[in-house]
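See below for the structure under consideration.
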Amino acid sequence: MNRFRRPCAPSRRDTDGVQLETLNENGTSKDQADTGIPEKTRVHETIQPVDLEHGHMQELEVDMGHVLEDRKIEDVESDTSPYPEVRAVVPETDDPDMPVNTLRMWVLGTIWTLIGAGVNEFFSLRYPAVHIVSIVAELLVFPMGVALAHILPICSIELPYFGTWRVNPDHHFNIKEHVVIVIMANVTIGFAGGADATGIIQAAIKFYGFELPAGFSILVTMCCQVLGFGVAGLCHQWLVEPASIIWPGVLGNCTLLNTLHSRANAIANGWRITRLKFFMIVLGGAFFWYWLPGGLFVALSYFTWICWIAPKNIVVNQLFGFQTGLGFSPITFDWSQIAYNTNPLLSPSWAALNVFAGFAFFFWIVVPGLYYTNTWFTAYLPMMTADVYDRTGAAYDVSKVLSDTRTIDATKYAEYSPPYLSATFAFVYGLSFAAITSVITHVYLWHGKDIWDAVRGRQPLDIHGRLMRAYKKVPWWWYVTTLVIFTALSIVLAEIYHTQLPVYGVFLALVIPAVYMANGENAHGAVQGITNVDANQLNVLSEFIGGYLFAGKPLANMIFKILSEDVVSQGIFFAQDQKLGHYFKVAPRTVFFAQGFAVLLGSLTQAGVTIWMLGNIENVCSLDQADNFTCPNGRTVYSSSVIWGLIGPARLYSVGKIYSGLLHFFWIGAISPIITWAAWKYTGREFFRNINWPLIYVGTYNVPPALKSRKGDLFCYL
């Protein structure tokens, strides 16, 4: 008998594995070699939820001190997780025989992949957007899974070459099936609500007026996301297995999963209400509250009460306004505004404080200084906007500089105008330059040893990593094959649709993140895996390089950028979902097929929804669109492509040009972590070690348009 197999009879408890037959569909072997797992976990025990009172999310910043210091807690392999937050919500036992690869799992995973991709892509064209987050899918999947488990007959079928497949192994919807469904749904809903690549479709069709066939939209969306999936698999050893990369963003999922699949009712400060009942009360309250800022009293969303007092005062509106001002009044009663980028409650308080400090200093002190001194002629423009303007202060009309071949006409450009940016939009690029270099320096100084140990396979494992030894790993060549296939499709995309991106441009677009991965993506993944803050600014670096190589070719620049940037950004989000599977001991091969299928299906859905919306919604992507479908992401992509692709950095950022001073942020970002690290070494004060420059520089991430979401970091800290 498998040493992990639970010897007792099946139970109706939600966390018990029901034993029917061993089919090894989870990738386990009949005869397990010694795994090094402690004796107490060799025989499967029921997955018992740990009382939440032993570790709370608000204590995360204290425990992450283990990550920020030269810790000795992991010098030997641990029989548990070194972090109380992980111990509180992640089971430390496993049942390898628990059925996962079932018909009900695939049916529900497919349904929620379609729902998540379609609904979120639809609302991503609206501002403010309404996103279905993974927690919502996780909650609604549960009753559907329980219903299918009771409706479907218990049976298995024989499939040629695939062996026995369980249609419905029992009348029990188990936690591992639930986890895989959440992973599939989150493939398309975990990344900012919509696919990055659809921003290209919006910018090209609605802002440039290019005619692009549906095949282009499908291929560009699919290639960008699947390439990120391939990279995530190759980085599994560095971004998923280490215990120190806890991924705070998935701990909320773990908590809800344990709540739904557990009958335990721990006493918390004298309360006897069940966790499920408490959750349902909060959920109901949140549902009814949303209708106030969402429809009945929308002023609660843009709560600019100071502007109501002085509606005609220009300075007051510039400083306190939310639409084109700096939002000095950090008040909103709309959760969709607070969580526009990500849920701030899942970030450690010290990380949120770094982010908000960067935002407050740069946007509330530096930007007003730039604006009121008319630096870069910003005083003639709105203070905060992602739009691009000409020398008259009107919106930049690209038709006046475009040739018939979709490239810039130098004569027309000289006769018309260079582009001008708002104070916030211009300065954000400088901060992005600093973030690119600071993240590499920071992680090298503080976490370099951990990453190097993981690369060499010497990273000590916690209990979760040791339990995962029971499952077969995904062969590296599976991911390499995926990368090769979709690199070839990317070349087909560039050639047959006349994008003006040469074949060498496709390879270079992928080489940049490959080189950066060896030196920086592990850094970005480590930062996000520890802080739940996205510090990836490779999109700006790829635009910068592509702008010099393909100047005057906006479509080529947009594709070059998205191929480079999505490999890293999508890869990080795929790695986050793989960590969820790691926590609940789901076989890596099952996760591979689930994510691979979901990313293909989700990409088709996202491209289809975008194409339909651009062709059927009246006045879509216009600022005065009746239902606020203003295409905020597409508008930002368009503005960036005008700067980096159509006009090119040579005309704006080279020595002597208007924005050349921003290039100094490259070296400023590189040395700033060195200064605080040296100060910590010299003084030993904890203040210096808690300064995280990558988080400070990305405090302005996605601003504009996401001004209100930065208030969420203050909300989290308070």
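Here the Cβ of each residue, glycine as well, is placed from N, Cα and C on the backbone.
All annotation found in TrEMBL is predicted automatically rather than curated by experts.
Annotated features in TrEMBL:
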REGION    1-41  region 'Disordered'
COMPBIAS  21-30  compositional bias 'Polar residues'
COMPBIAS  31-41  compositional bias 'Basic and acidic residues'
TRANSMEM  103-123  transmembrane segment
TRANSMEM  135-159  transmembrane segment
TRANSMEM  179-204  transmembrane segment
TRANSMEM  216-239  transmembrane segment
TRANSMEM  278-303  transmembrane segment
TRANSMEM  345-367  transmembrane segment
TRANSMEM  426-446  transmembrane segment
TRANSMEM  476-497  transmembrane segment
TRANSMEM  503-519  transmembrane segment
TRANSMEM  591-614  transmembrane segment
TRANSMEM  658-680  transmembrane segment
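When each of 216-239, 278-303, 345-367, 426-446 is scored by its Cβ pairs under 8 Å to the transmembrane segment (658-680), the top-ranked stretch turns out to be 426-446.
Note: the stretches the transmembrane segment (476-497) and the transmembrane segment (179-204) are not in contact (fewer than 3 CB pairs below 8 A, sequence gap of 6 or more). For the transmembrane segment (216-239), the partner stretch with the highest count of Cβ pairs under 8 angstroms, out of 103-123, 135-159, 179-204, is 179-204.
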